[in-house]
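Asks: Below: one structure in structure tokens.
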């Protein structure tokens, strides 16, 4: 039996999961997306060349790696084919190596229309969604009206279900939001055309992964977004529409939980958040501006600037607890080079009481006042460092303090965007 690894974000997303998934596929022979949609991009740098993937797993740049989209992913046919075309134009043989689960719900134009109409109607109270139809598609799944990938193989059933859904969504769009209706005929024609390209990629992903595991093939499960955006465990309602935690890999890919052997928690050396919602350690000052500029903190899909702040160890403790994190990978350590001092949030004052872990819900998190430790920064560079002993002493001390406060080992340190700019203390695949 193989040793399989789940990679998850432990903050509010944007931790740098794409680079590490790409790096880990030097050993993994299969990579699986198990939740989310094309609302988050994973940025890969190989030999100085940038590639952003949104739906296709980050292992696609390795020609000997099989890639899978599990049933927990909501799939936009248009976004998928656009991404495949971009990859293949760059010389990556994507479609031949990608398998899509039959149970993936389809994101269609009415989901996008409703998503955007809702956000516009909320004004200043908006959640900050990407407007790509992710939430409404998950709503359809729970309401048992979703059109799924398997429906593409039965045109008559697809037409019937599509007509019902278009009527339902147009009622909402025109009556509740005074928005333009969507065209049933256009959606049907466009989707059926795209279906001819998608159907050859459809497979029994659950059974295929089970067989690969039995054959001893190392599998990597690639999470999207981050634990603090999880629909159940995040700062609700300022969350995404899916479960972003390690446990979601089992239902989202159709595998038993016993197949998940090691959980790698990805965390930046500082904290960022996109969109609305509480952020206790946010720095709306020169420190935040420094981190944003040095870290190039802009969304890879949306282009939205990210809010920046100090490392929140109390929030990380919550993520470690929920995910059962085996080891941490600290990203973007090099961004902090040159800071005279670094603050580390070890807990909060909440209603006059000291708490050492992130509380539940956005109301409580909004009231949290961070309690900081101040550590000395470092003047030496960490850029491109590949050995622990070559890190500045204060950088080593910072990472060790994170381990002590959070209770999980730092197994990997990233010192730059490229694959090779990585320090490995313990390999997730046991190498």
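Backbone N, Cα and C atoms are what each Cβ position is placed from, and that goes for glycine too.
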Asks: Name the residue, out of 225, 321, that Swiss-Prot lists for the same IMP site as 14, 15, 16, 17, 39, 40, 41, 42, 130, 144, 240, 304, please.
Replies: 225
Asks: Could you measure the widest C-alpha to C-alpha distance across 14, 15, 16, 17, 39, 40, 41, 42, 130, 144, 225, 240, 304, the residues recorded as binding IMP, and give it to a whole number of angstrom?
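Replies: Taking every pair among 14, 15, 16, 17, 39, 40, 41, 42, 130, 144, 225, 240, 304, the longest Cα gap is 34 Å.
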Asks: What does DSSP say about residue 19 (GTP binding site): helix, strand or coil?
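Replies: Residue 19 (GTP binding site) sits in a helix per DSSP.
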Asks: Let me know the most crowded of the binding-site residues, choosing from 43, 225, 415 and counting other Cβ atoms within 10 Å.
Replies: 225
Asks: Looking at the binding-site residues 16, 303, 306, 333, whose Cα is closest in space to that of residue 39 (IMP binding site)?
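Replies: Given the candidates 16, 303, 306, 333, the nearest one is 303.
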